[in-house]
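Q: Sharing the record's features from TrEMBL:
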| type | residues | note |
| --- | --- | --- |
| DOMAIN | 48-226 | domain 'Wntless GOLD' |
| DOMAIN | 227-496 | domain 'Wntless-like transmembrane' |
| TRANSMEM | 233-253 | transmembrane segment |
| TRANSMEM | 265-284 | transmembrane segment |
| TRANSMEM | 296-318 | transmembrane segment |
| TRANSMEM | 339-359 | transmembrane segment |
| TRANSMEM | 379-407 | transmembrane segment |
| TRANSMEM | 428-452 | transmembrane segment |
| TRANSMEM | 472-493 | transmembrane segment |
Amino acid sequence: MAGAIIENMSTRKLCIVGGILLVFQVVAFLVGGLIAPSPTTAVPYMSVKCIDVRKNHHKTKWLMPWGPNHCEKIKDFDEAMSRQIEANDIVFAVHIPLPSKEMSPWFQFMLFIMQLDIAFKMDNDLKENAEITLDVSLAYRDDMFDDWKEIAHAVELRKLKCTFGSPKTLDSEGRHYDCDFLPFMEIGSVAHKYYLINIRLPVNERKGINVGIGEIKDIRLVGIHQNGGFTKVWFAMKTFLTPSILIIMVWYWRRITLMTRAPVLLEKVIFALGISMTFINIPVEWFSIGFDWTWMLLFGDIRQGIFYAMLLSFWIIFCGEHMMDQNERNRLSGYWKQVGPIAVGSFCLFIFDMCERGVQLKNPFYSIWTTEVGTELAMAFIIVAGICLCLYFLFLCFMVFQVFRNISGKQSSLPAMSKARRLHYEGLIFRFKFLMLITLACAAMTVIFFIVSQVTEGHWKWGDITIQVNSAFFTGIYGMWNLYVFALMFLYAPSHKNYGDDQSNGDLAVGSGEELQLTTTITHADGPTEVYKLARKEAQE
């Protein structure tokens, strides 16, 4: 009778907690799907071919494609040849944004990719493995009548990967190659209203610069930036979730400090996971609205890397602390084989990110993939990180298998135990299976929504209601992992309350002769966790 009462109470309370978390999860998805716009916007830009006449006393080196001080333009290179204009005197100019628009700090970042329109010509064919040299400059201003101020200037190489679907004959002259997009530029902040890009293609036949690259007709850019409406929703979520996780962290650590023992390893790891989640949540992005912080993209990558490393470490230690016959529990050094690949993989990805976005802090046109050495180095870091990830999941799967095998083998001993001790270990077994189910559900939802966001058009339309799938993915998954960490600290916080004399009389004591122990997190002297408390509250009856 008592066991049925305990089971009903624990089930009811867990259902209430699970229902509340489910409501918040649904709200997180709906906020992104119904309130926020699409996360990013892609804007195509066509460059304007300007004539650089600085040698004829031009007043400025910045060439504007339109406006009151626009440059002298040419329609195509045939016109340039008829006017005897050299290739070195032609500048491709792009103004960002389009006319009558302004950029905003709410856009957060700008990413540009380049597409070259290259025509086939018998006497100017595109060579195999050709490289194009770009002399690029970037400037900004905040008023249409201000002078342009330089942000960056660089000379960059890009490999051309093009195919031609027709026979290379005279009849095919004028047809365009099918060329891959090229990485062009990335900036981690949008602090100014107007930007100007000037691109030169310097030609030097003696040095082989821009020789054998075909006949370039046009240069197109595609600019990608974050939508301001999505940024506001994202900042609002961060602002709301930060105090929520902070409050549960303070409550969780206070529960631990009330114990007469020192915190055990699993409790420390859960608290560290909460800290890493808070590190992601803190909305420092608000400052990017008023400051030109170009390092925010790199900082965001570092924050996410710390959280994922802590999450993977937690899963390993959680399984290890539930190993019944493991003698090296409650010591981080006992997990060096499993945690080692996480550290190595995280370090490789950090070095890769520093080589890419770290360099872009000084040179936004840089890309590690543009040279053979850079490509090989980047692939080496990614391959090593991938190998470490595979090793980690092998270790994790093996440990999960061992825990379930041990639990199945030891469950036969439960009927012979006293009521309170049986409930104690049934609570441990239940909470392990419960968390494993939640973890698998969170991982599955992350993968499913990622795949859906990639294969759909970006939004679903049901009647008059439009659901932004990509925005729902970002806000929903972000909210889900916050709720996961919240649930961990709630369910695994030790209780400082005393539940009766049966504990002190040895009913739950390890020395009672029943050698079944699942975790060092719960001890008879310091009180159970919330999950155990739900399953144990009425045991003394």
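Using N, Cα and C of the backbone, Cβ positions are placed for all residues, glycine too.
For the listed features, I'd like the structural context: burial, neighbours, distances.
A: Beyond the transmembrane segment (265-284), the same-chain residues lying 6 or more positions past its ends with a Cβ under 8 Å from any Cβ of the stretch are 235, 238-239, 241-242, 245-246, 248-249, 252-253, 256, 296, 299, 303-304, 306-307, 309-311, 313-314, 317-318, 321, 329-332, 481-482, 485, 488-489, 492, 494, 519-521.
Long-range contacts of the transmembrane segment (379-407) within the same chain, counting only residues at least 6 positions beyond its ends with a Cβ under 8 Å from a Cβ of the stretch, are 312, 315-316, 319-320, 322-325, 337-338, 341-342, 344-346, 348-349, 351-352, 355, 429, 432, 436, 518.
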Q: Near the transmembrane segment (233-253), which same-chain residues lie under 8 Å Cβ to Cβ, leaving out any that are not at least 6 residues past its ends?
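A: Counting only partners 6 or more residues beyond its ends, the transmembrane segment (233-253) has Cβ contacts under 8 Å with 28, 31-32, 35-36, 270-271, 274-275, 277-278, 281-283, 285-286, 471, 474-475, 478-479, 482, 485-486, 489-490, 493.
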Q: Residues of the same chain, at least six outside the transmembrane segment (296-318), with any C-beta under 8 angstroms of its C-beta?
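A: Hits for the transmembrane segment (296-318): 108-109, 186, 188-189, 265-266, 269-270, 272-273, 276-277, 279-280, 284-285, 288, 332, 335, 338-339, 342-343, 346, 349-350, 353-354, 357-358, 361, 392, 395-396, 399, 435, 439, 481.
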